[in-house]
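S.K.: Taken from TrEMBL, the feature active site, proton donor/acceptor applies to Asp361, Glu544. The feature substrate binding site is assigned by TrEMBL to Arg201, Trp208, Asp209, Asn245, Arg254, Ser255, Gln256, Gly359, Glu560.
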Amino acid sequence: MTSRRAASIASRLSGRFSSRFSARLSPPLAPPAPRLRWAAALAVAYLAVAGCAAQADNANQAAAQAAARPAPPATAAIAAPASGTLLPPPSQLYGDLFVAVQTAQIYPDQKTFVDATPDGDPATIVQLYQQQKSQPGFSLKAFVAQHFTPPPEGGVTPPPNQTLRQHIDWLWPQLTRTSTTVPPYSSLIPLPKPYVVPGGRFREGYYWDTYFTMLGLQVSGREDLVDNMLDNFAHLIDTIGHIPNGNRTYYASRSQPPFFAYMVTLAAQAEGDKVYQKYLPALRKEHAYWMQGEATTPRGQATRNVVAMPDGAVLNRYWDASDTPRDESYLEDVTTAKSVPGRPANEVYRDLRAGAESGWDYSSRWFGDGKTLATIRTTSIVPVDLNSLMFHLETTIVKGCAITRDVACVTDFSARAARRAAAINRYLWNRRGYYGDYDWQQRKPRDAVTAAALYPLFAGVAWPERAKATAREVRKTLLQPGGLATTTENTGQQWDAPNGWAPLQWIAIDGLRRYGEPALAKDIGTRFLSDVKHVYATEGKLVEKYVVEGAGTGGGGGGEYPLQDGFGWTNGVTLKLLGLYGE
């Protein structure tokens, strides 16, 4: 295809996309048409690269038809894959015994029991419990100790006098696990290849953590582990139908922020475009999982992870297929639900679970009153981070389909990405001057300024002038001596002030650098790096989260469990920051 031919097609496509999107946008903030032309031109560019000149006219016609539709048709995405067969979670395997153990707090951490391994089949253990529990002198603690082996205590002693970089390189093998086979009736889901866990109580692999861990693994030259974990996630998509929160049966009813496409992009930067082709089927299956119900959900309503907006745009929310207390936090969830007697408990449980899917468990972002966990309403919120990630997933699928010369797929997903970009900039832009969440039930923006505001910059979906406005607001509102605060609210929850988290620092830094704000990016990065260095110098470890309101104040607090060390994503982001801003 000649450049003149490609330009001609791009011009025709962009005109059709732009006219449709401009009509949807609020007049005071509508961008000039050229800003939206990249989405249409992207499709044609990929067709040209893939050598699909003979099919370009068909692509042009199909793209125009796709752009004219208010919502994707039922056949626009491949069908969601059927879920694989998994053991039920411990709450179902052990029933009354599970409730008794968690309610009695046999272990200080509710996660310990659900990670324990039984000494026999659950039905037999439950039968023994029913027979013995009313006998004189019965001890539930002794019964559990007799029939279950708790997970081993973590913790290793590092060699003395390691530099920060040396310590992280030393940690990777300590945090690497293999679970090709697991003990009978374990809650652990086996994986075919080795993987890195976060550390501490987090003894399994976690979905969104892994991307930030991979950033550091690449710096350390551990491409083997990056490839292994990509293969593990593709395996989970093929066998379960999605990437669960973590590889535990009690996590299988939900996912986490969809960073798989970013992991593929990361590997492709090192290994070439073959990576897109290899993981394209998994990428499309993941997209189908998140979009279940898109073709049948009426406007103004939601199905699973899909929200149909009033104008026909389709966006996503966090959700969970179960509406019971989380196995790993059973007592905490029951207590929360009891604190709001006028609200159905299953509704509270669903919103708590959806909050866990968000990765921000928990934050004022999800609270009705912006202050208390009991008002949580995660499923009512269209999150700016999730939809930015979905935009990147769709554009990554475009790349993969272009490489495989699948013109229909390129056309479809280019149109999807363009529609989502328009919807993000309509619904997830707050007229106060920053990106944020939207309450789809109340049909109004959420006004809180949070670190999630920088996700559209990270994903490349922000308009340039809005990126600059968001950067100004973040500098004014969230920048602290130790880095970027998560929110402005101090609620006692871990994803609120005064805490800062490594993944959110990286999202901010990378996004700001993409949009011509390197000074603010460096300011955030060097401040957070100073905090990490201070804690390492005084305590000899890297931790899950940090207090950023005050330089060098130490590890963060709040939430449902004590501060954890290790720590996968902090290690990864720290190595990237050391590379950018020096030791």
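Residue numbers in this text run from 1 along the chain shown.
Glycine is no exception: its Cβ is also placed from the backbone N, Cα and C atoms.
Curation does not apply to TrEMBL; its annotations are automatic.
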S.K.: Got a sec? Which of these binding-site residues, Arg201, Arg254, has the most Cβ atoms within 10 Å?
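M.R.: Of Arg201, Arg254, the one with the most crowded Cβ is Arg254.
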S.K.: Nearest to Asp361 (active site, proton donor/acceptor) by Cα, among Arg254, Gln256, Glu544 (recorded positions)?
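M.R.: Smallest Cα separation from Asp361 (active site, proton donor/acceptor) among Arg254, Gln256, Glu544: Gln256.
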S.K.: Does DSSP put Asp361 (active site, proton donor/acceptor) in a helix, in a strand, or in coil?
M.R.: coil
S.K.: Fill in the CA-CA distance, Arg254 (substrate binding site) to Glu544 (active site, proton donor/acceptor), as an integer in Å.
M.R.: 22
S.K.: Sorted by position, what residues of the same chain at least six away from Asp209 (substrate binding site) have a C-beta under 8 A from it?
M.R.: Pro198, Phe202, Pro503, Gly568, Trp569
S.K.: Sorry to bug you, but what's the C-alpha spacing from Glu544 (active site, proton donor/acceptor) to Arg201 (substrate binding site), rounded to the closest Å?
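M.R.: If we compare the Cα positions of Arg201 (substrate binding site) and Glu544 (active site, proton donor/acceptor), the gap is 11 Å.
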S.K.: If you count other CB atoms within 10 A of each CB, which of Asp361, Glu544 wins among these active-site residues?
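M.R.: Comparing the active-site residues Asp361, Glu544, the most crowded Cβ belongs to Glu544.
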S.K.: Please report the three-state DSSP label of Arg201 (substrate binding site).
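M.R.: It is coil.
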S.K.: I'm trying to understand the geometry here, so how far is the Cα atom of Glu544 (active site, proton donor/acceptor) from the Cα atom of Gln256 (substrate binding site), in Å to the nearest whole number?
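M.R.: Given the Cα positions, Glu544 (active site, proton donor/acceptor) is 17 Å from Gln256 (substrate binding site).
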